[in-house]
Ligand SMILES: N[C@@H]1[C@@H](O)[C@H](O)[C@@H](COP(=O)(O)O)O[C@@H]1O
């Protein structure tokens, strides 16, 4: 896996938005062969969505042939409630870009048969050939989507009871009132996320530094469900400096050096994703550019 470290939330958001843009544009999606993107909610992706909207408005990116699947949704919250994940996605991203409403998939937390709704979601993902890139965030306890500590690492889309810690963390979106936070959610499983051909997780803030250390430096463990990314052949974590507080200095230096060496190999001017990274050059080596083009750091 790769760990990309940027100075702060804003730089992390810029990196992830550019990454999404590059992936979609390289894929050259069409109506017959759309790009399938998995998306999260929460405060972590807000900056990324803002930058994606800017890229769309600048004409650098289109969502016309993008199909999306959202990670999760609360159970029992009206769809038009300001804190529903439906409202979140339309307000922060979808209504500002050219995505076709029929290409948006968000679990219905008010479906008459919730189990059926989850099965249908998995079937819909399979029908479009799986997810190309799944973006995600984590809770301070290391959960991805609503896969709380102890969730099976082979879990699929299902109904999930929220951990008390998550209910408290999400009370900030419900006037600080724990009693207003839904206690159940529909969520993709850990395996649903890990089935994507690429997974990119954003982790920012000192309050998530323990979770980042568990994710990167310790073993795969269902108590920190994000750690499943260690088993993914194309896993990427993008974090800010604050989130690295609990990592060993050696770990941070290792991942920074991987990026620096890669950067020195392909040359600064070829990279739109490398903002803020110093170029390393061996003395007298110039840009040491290889004869064949390279696409991204190799994990
Ligand atoms: N289900 C969501 C997760 O998908 C998200 O990653 C997490 C963190 O949210 P934030 O980014 O606001 O810290 O919140 C909720 O629990």
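Backbone N, Cα and C define each Cβ position, glycine as well.
A TrEMBL annotation is a machine prediction, not a hand-curated record.
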Given ranges 258-278, 279-299, the stretch to which TrEMBL attaches the annotation region 'Disordered': 279-299
PLDDT averaged over every residue in the domain 'Glucosamine/galactosamine-6-phosphate isomerase' (8-230): 97
